[in-house]
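Per Swiss-Prot, the features are:
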- 15-35: transmembrane segment (TRANSMEM)
- 55-75: transmembrane segment (TRANSMEM)
- 90-110: transmembrane segment (TRANSMEM)
- 117-137: transmembrane segment (TRANSMEM)
- 180-200: transmembrane segment (TRANSMEM)
- 238-258: transmembrane segment (TRANSMEM)
């Protein structure tokens, strides 16, 4: 039986003329949880919580800006003939996670250089929190009925009906047609990556490997899920941008892992350089 219940209202709360959307609440919750977990892990590894908070203060807005630039660049035809301010109308939708990651990585490189800390250590600390935030954030797409796949077959519908709760079936049924809940596929995949990264940390891998594993595993999932989506950005009208970027990230990350395993001695649990210097000084004083 086709699900025809009314979809979830995108507006969670209305206070006078002010509307607060579920999308914003979900994204904010994911971001706050990610920041909290990253700060706790930084503290455990000997970095100050203030350092991570300072990084987040720069990384979050820059990541959002890059996410928008990335989207506008590949959808420029939408904005070329329209009013110029539409380029900045982020509230109307149009951001891309790959753009956000690029912005975050650039911020981390510059931040690490200025604050004299290891870029790879920051990246390793942030990676599990980032993928968890992405897993949560996809539920914002669910409420908005966006970033979904194409229509499903009757056989797939019957299979989904046995396992998926009604609220997902209802929300993914748009104008009488049910679509692939690609938000759910990616959210579940991201949670599995999160668990995998937590397990990887326990084995004290080479510094940078947690982040690079995040980059590889997320890109693998994104490559296949992107093939189902109906709202993909395209390069030259024939190549799905996210799939091309995913392949590029996988190749580069594998090369980095191989290179760093041969040339780098620092491990995930090693104290940051500043702490090592302090420990050496304290040892000399004791002598």
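Glycine is treated like the rest: Cβ placed from N, Cα and C.
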Long-range Cβ neighbours of the transmembrane segment (117-137) (under 8 Å; 6 or more residues past either end): 26-27, 29-31, 33-35, 37-38, 41-42, 45, 47, 51-52, 55, 97, 101, 104-105, 108-109, 111, 186-188, 190-191, 193-194, 197-198, 201, 207-211, 213-214, 218, 266, 268, 272-274
Distant-in-sequence neighbours of the transmembrane segment (180-200), which means Cβ under 8 A and at least six residues beyond its ends: 127-128, 131-132, 134-136, 138-139, 141-142, 147-152, 164, 168, 172, 209-210, 213-214, 217-218, 221-222, 225, 228-229
